[in-house]
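What Swiss-Prot annotates here:
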- 1-111: topological domain 'Cytoplasmic' (TOPO_DOM)
- 19-79: domain 'HTH cro/C1-type' (DOMAIN)
- 30-49: DNA-binding region (DNA_BIND)
- 112-132: transmembrane segment (TRANSMEM)
- 133-345: topological domain 'Periplasmic' (TOPO_DOM)
- 151-260: region 'Disordered' (REGION)
- 188-225: compositional bias 'Polar residues' (COMPBIAS)
- 229-241: compositional bias 'Low complexity' (COMPBIAS)
């Protein structure tokens, strides 16, 4: 009976139990054993409880047990037969290895996913390109329509762009008009429509002499031309008023010097660096200018503010309103027809 009991006790003593008993007999703790073997405390606990870790290979597990046995002075020959008996049981618990077909399925699925992603990217790029092309074609068609309208207006005006303004409005300020000369001296011109008196009007106002009186025709003509040239330089403010002495010549007033600058108040000044189609409409709906201007031209327009401008090529000109520059940078960067309102208070 004692022999059978000892055999049962030997069989029931697993490697973990024997290692734990040897550790306790030496007075060591699990923490001490773990530090000496450079293992985790949980690994030492699993070895003593005979719990094989699923993610740990059997080779490493046996190596840990051998190191543990050497530390607590247990012979390896007593533990290895017990480990060999437990090996089939542990081998049955090992999960089967995945086949290569599963990896191929994953790769195939990843390939389809990448193909679908590239397809979406190509569709987005195609739609973006189509949208840009449609906008570009619409802009080109709009510019071509403006050019056709301008060409039709040029053909009606005899090939010259003529701004549509009132007779008394200074739509285009003359810049290179020569000044008249009286007695060898330049005479300033004024912009008042009622201040200019022509030579023919002066001539008609001279009373005709009768044939009975001898008249020196040469002196008469010279006097008439001198009077006509002098009267052309007289502004309305210089006309003698009733009650003023007629013997003294009228003095020049301040209106004669500032008449040219007064007409530029509220005016638009445009300097063209290249050929450009332009249309300007004032607040009354009157078209001040509509046509093509050549590069190097300077256009001065005056009307009732605000002005509505349509510019075919914003980068081909610079605009200033009342001496202040007008910003066209956003239209130049967008490379499109500029539609803006200038002079809004």
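Each Cβ is built from the backbone N, Cα and C atoms, and glycine gets one as well.
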Beyond the flanks of the DNA-binding region (30-49) by 6 or more, those residues with Cβ under 8 Å of it: 15-17, 19-20, 23, 61, 64-65, 67-68, 71-72
Residue distribution over DSSP helix, strand and coil in the DNA-binding region (30-49): 16 helix, 0 strand, 4 coil
Per-region confidence, the topological domain 'Cytoplasmic' (1-111) (mean pLDDT, whole number): 75
